[in-house]
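A.B. asks: Got a structure for you, written out below as structure tokens; questions coming shortly.
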Amino acid sequence: MHPPAPDAPILFFDSGLGGLSVLGPTRALLPTAPIVYAADYAGLPYGRKSNEELAARVPALLGRLVERYQPRLAVIACNTASTIALGHVRAALDLPIVGTVPAIKPAAEMTKSGVIGVLGTEATVRQPYVDDLSARFAGGKTVLRHGSPGLVTGAEARLRGETVDPEVIARAVAGLRDQPRGDAIDVVVLACTHFPLLKDELQAGFGRGVALIDGAEGIARRIAHLTDGQAWPAIAVPGIAVFTRSDERPPPPLAVLAPYGIGSIETV
């Protein structure tokens, strides 16, 4: 396989804007990397879709995007899509694919109380994959889960400069705290890439004694490792954001995306 051209982009894919929480740390490690950020607004929210629907939708859409933008690597910057469709995507596409998995392993290493919370979408927290991660890396620990669709909507609103409903945060916190042993949680895994965008609000809700962790920096390091030795442009060029068309959800203003190095918006 020939090495990629310097202008071959990294493709980030999410249901919405949550993947920006992964793009940020990646930009820090690879500041001149060309970026295509794709958000499936026509399919948002993924957390309420069936496994079968996502297993068909995500590989098909990524296939179109790969054909159009010819990336050197694709990042599924979405826990729900990764836990359900990562294997299907890897089988369908002939390029490196980086997925997003709940950070249960580092949470298990960090907890002192032995009680870990996992906050994700409804689809992510019901996956057997999360059972497997818990069994492999958190044996002997209590792993409590809660699916919070409201946080996805809240994160999208937050990025647009809108106020986040405090009740959304309170319900997410209570969803873990009100379970048996929930009061002993000292580490919460943010198992949706949207949720770190609300880290300040969630930290206030859980209290300073609870550590909030996510996998974004680990994913960025993985991307840097997989592209080590490849050529990049000498200077950064503005990235492209691509949104699937949605009548009820127009793309955000470019000003929302500009801090992440995005310079233009397209729809497909």
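Placed from the backbone N, Cα and C atoms, the Cβ positions cover glycine too.
Pulled from Swiss-Prot, these are the listed features:
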BINDING   Asp14, Ser15, Tyr46, Gly47, Asn79, Thr80, Thr193, His194  substrate binding site
ACT_SITE  Cys78  active site, proton donor/acceptor
ACT_SITE  Cys192  active site, proton donor/acceptor
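Describe the structural context of these features.
C.D. replies: Under 8 Å, Cβ to Cβ, and six or more positions away along its own chain, Asn79 (substrate binding site) finds Thr100, Val101, Pro102, Gly120, Thr121, Thr124, Ala191, Cys192, Thr193.
All chains included, 32 other C-beta atoms sit within 10 angstroms of the C-beta of Cys78 (active site, proton donor/acceptor).
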